[in-house]
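> The structure's right below; bear with me while I get my questions together.
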Amino acid sequence: MLSPFRSFVRSPRLGRLIATHSSVNPDEISHFSNLSAHWWDEHGEFEFLHKMNPVRMTFVRQKLLEAARDDGTDPNPAQVLANLDVLDVGCGGGLLSESLARLGANTLGIDASEKNIGIARQHASTDPRLAPTSPHSSLMYQHTTAEALLEQPKQFDVVCSMEVLEHVDNPASFLSTCAELVKPGGHLFLSTISRTPLAYFLTIFMAQDVLRKVSPGTHTYSKYIKPSELIQFFETYRPPTPPAPVPSLRESVTLADSLTSSARPWITRHSDTYLPRTQVDVRGLIYNPVFGNWHLAPKDAWGSLECNYIFWVRKPKEIDS
Amino acid sequence: MLACRRLARPAFSRIRSLSTTTEGALTHENCDVVVVGGGPVGLALAGALSSSRVVGDNLRIALVEAGDLDKIRAWQLPSEKYSNRVSSLTNTSYAFLNDIGAWSYVQHERTCPVEHMDVWDGISDARISFDAAEIGTVSQNEGMARLTENLNLQRGLLHLLEKAPGVDLIHRTKVTSVTRESEGHGAWPIVNLDNGRRLRARLLVGADGFNSPVRAYAQIPSFGWSYDTQGVVATLIHRPRSAYEGPNTTAYQRFLPTGPIAFLPLSPTVSSLVWSTRPHIAQTLQGCDPSVLACMINAAFRLPQVSLQYLYNRISEAQATSTPLTPQQVQEEILWRETSHGIDRHSAMSASAAMGDAPIGIPPVNSELVPPLVTSIQAGSIASFPLRFNHTESYLGEGAGARTVLVGDAAHTIHPLAGQGLNLGLGDVEALAKCIENAILQGSDVGSYTALQPYARERYLTNHTIMAAIDKLHKLYTTDFEPVVWARSTGLEVVNELDSLKAAIMMTAGADGGKSGITAGWDMVTKGVETLDSAVKVARAVGGGIGGIVGTGVQTLIQRVSERTRA
Ligand SMILES: Cc1cc2nc3c(=O)[nH]c(=O)nc-3n(C[C@H](O)[C@H](O)[C@H](O)COP(=O)(O)OP(=O)(O)OC[C@H]3O[C@@H](n4cnc5c(N)ncnc54)[C@H](O)[C@@H]3O)c2cc1C
């Protein structure tokens, strides 16, 4: 419901990045740049996000545990994230990154906003478990974009980008960037808002205009993406061998034509009704206004994907391709 | 120099290695959880946390207690002597203590199951009695509750903490103040100890009792009142029950207009007293010779209210003139009152037989309706505590009081008539430990409001429901105004018919009605009380009818009482 974009500060270095990679939107950014001081106020602007975080973490852990079991290993459920390389794209104040790092993941949080990275670093420094001075710390922050990271060879076991997709300008390009940052056999987690009348009503009309829980201008309806669009993207997505111009996700889903690769797509469906369990999952994130908390909707619950949802997709292992 | 006994063996040195940071000239130690208070609740929390592998792997825990925990660890009494602070632990509490591995360190022989309960109204004599076997959920020989000395429980928990180390026990050390390290959101509290140590706490737990300094730091408001009642406790010695009467496993409670008096069995010849009464009466009782008090206890379970009132006055007047009554004089007074009430000296209702010969042969009829006659009181066991109702507005600190959470008496204090205070505290501990464990698994900051909210959500309403029901029961029974008494007695008759309500009242005594049913049960107690309350309203309506004839005096009186009952 509340999806503050990681605000952006006009820096010369990133200016160049925007020119070449159009997923970061400078307008989105000026709106959020004043909010970063509130990231860690659990009762403020980001309260919903604080409350949503444990639910997102539950989903992440659950999927990693299932995948490990599918691979025939039996990890300690408390340690599924231990020692994995995890990237948090659009980490904001570090809500998710801190949780990932506490569970032992080698976490890199990146954000296009220098201010956010400053807040995130400052907050982590007060926590002896996470402070960069601590010998146990496995948390790093970097002021950069996902696109810029592609220039390095490093890939990650897990890439997360929570509540970011609805704020980027070219989601297809953003998605393929994230996808490329994932190791073969690794995982991509996204949470965002669907483009439905209900989502409009709750996240824009109620949250922004009526209740003023979220600053007006936080969300733009036309930028919302439906779960079916994400699924279709990964049914056709193949790593672009030469970086090809990517069509807009919202206009067209015939990406296969423009992306040429021999690898199998991330999602190979044999049925129209069921998603292949080992490749993809999508679950609604439901807010209960009475208790003021979030929960993960049961699998395939009717209508549960009408608003906030979380999406997991697994990159094929090399042998699969 | 540090008055600290460290039990912690650094099993997981990666995390537990003491991280000390300097901030200006002052150094502090980083802790994940600082529990203030080593009462039964604080120790149970430490025990629950230390028994969780997930918690042990991730959190550094310290507990600060002003008192001497070594003394409790070494606490030992001859088998026939008992501490005067006794709590009836519900089966839920018992199961929890078992789960965390604490119960095996509690000296079982010193605990006593409650198999039966007898509760009656001192004015109308309406009575409910029931036994553990009536409730299906209670397992064999467990009773509906288990009377346990607080010290026996605390000692057991300390032994558990020795066996499952991981908690830094800092005792004989007072928290002198709590300060905030900075102004930011979710700033960490710094706990300043009188030995100079400073603990920087990710999460600060107030298990520090009614006068909770942690609550004061967190600026959590609380509401409540004093009952204008003292709870007099003592360890009672009596003859064993005869073979005809069965074992001493019945708890008795008589509701007097001045407050309930309870007799809680500990062994065949020892039981514990909790006598809630007006402060001036408590003072009188505590001021008498222990054998006079023994006579008064016997009388309080048997004589009509009017005679008890007479006896309190007699004793108090004698005390005022420095000519205290001897036990023989009090016995004679009691005998005289009994004769005037037509109570047969040899009947079960006679308190005057106490000083006489040991009963021979078949006990008098109905002897099981009253507790055995107290013959003496264990030396040094008489004490009293002010009773109050108190509930904080929240269990979690916010803003300037961020990263604090309250458990046990620091969060809520109730009248002991239902023996629930410690049980509520143990329920808090179980929920909080579970909440902390879940938060760790989600990678949350266990000191954050968001991580702790499930604890508050689980406990606040449950506690509130139980507390409200107990408070209403107390108010209902501490009046001797006739319409209320009449309503009460019919109410009790109705109560007897209703299995579910009975189950709820058994939870009053400490039985487990199934966890999910607990608040439902207590809700029913409240509803039951409200039914009586409407009976009072009927009485008031009648009073209104009379009003035209007798005048408004009666009406005002009825109104006053019914308001008092509802308040
Ligand atoms: C007469 C009577 C009968 C009762 N009967 C029952 C019963 O049958 N069943 C039942 O369940 N409950 C019963 N209760 C209630 C029960 O005793 C309490 O609920 C229980 O003791 C509360 O435990 P606690 O650990 O929360 O608080 P406490 O026992 O009050 O412990 C608080 C601890 O904090 C420490 N502390 C406080 N301030 C500081 C500081 N600044 N620095 C360091 N340490 C500090 C204190 O030294 C103390 O040890 C009864 C109560 C009374 C008065």
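Keep in mind that glycine also has a Cβ here, set from the backbone N, Cα and C atoms.
Got these off TrEMBL a minute ago, pasting:
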type    : residues                             : note
BINDING : A:ARG56, A:GLY90, A:ASP111, A:MET162 : S-adenosyl-L-methionine binding site
BINDING : A:GLU163, A:GLU166, A:HIS167         : Mg(2+) binding site
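Neighbours and distances for these, please.
Counted within 10 Å of its Cβ, the other Cβ atoms near A:MET162 (S-adenosyl-L-methionine binding site) come to 23, all protein chains included.
In the three-state DSSP scheme, A:GLU166 (Mg(2+) binding site) is classed as helix.
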> So among the binding-site residues A:ASP111, A:GLU163, A:GLU166, who's got the most Cβ atoms within 10 Å?
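The residue with the most neighbouring Cβ atoms within 10 Å is A:ASP111.
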> According to DSSP, which kind of secondary structure is A:ASP111 (S-adenosyl-L-methionine binding site) found in, if we only use helix, strand and coil?
strand
> Taking the Cβ of A:ARG56 (S-adenosyl-L-methionine binding site) as centre, how many other Cβ atoms lie within 10 Å?
23
> Could you check which of the binding-site residues A:ARG56, A:GLY90, A:ASP111 is the closest Cα neighbour of A:GLU166 (Mg(2+) binding site)?
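The smallest Cα gap between A:GLU166 (Mg(2+) binding site) and any of the binding-site residues is with A:GLY90.
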> Could you say whether, by DSSP, A:ARG56 (S-adenosyl-L-methionine binding site) belongs to a helix, a strand or a coil region?
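Note: A:ARG56 (S-adenosyl-L-methionine binding site) is helical by DSSP.
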> Using C-alpha positions only, work out which of the binding-site residues A:ARG56, A:GLY90, A:ASP111 is nearest to A:HIS167 (Mg(2+) binding site).
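Closest by Cα distance to A:HIS167 (Mg(2+) binding site) among the binding-site residues A:ARG56, A:GLY90, A:ASP111: A:GLY90.
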> Tell me the Cα distance separating A:GLU163 (Mg(2+) binding site) from A:GLY90 (S-adenosyl-L-methionine binding site), rounded to the nearest angstrom.
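About 8 Å separate the Cα atoms of these two residues.
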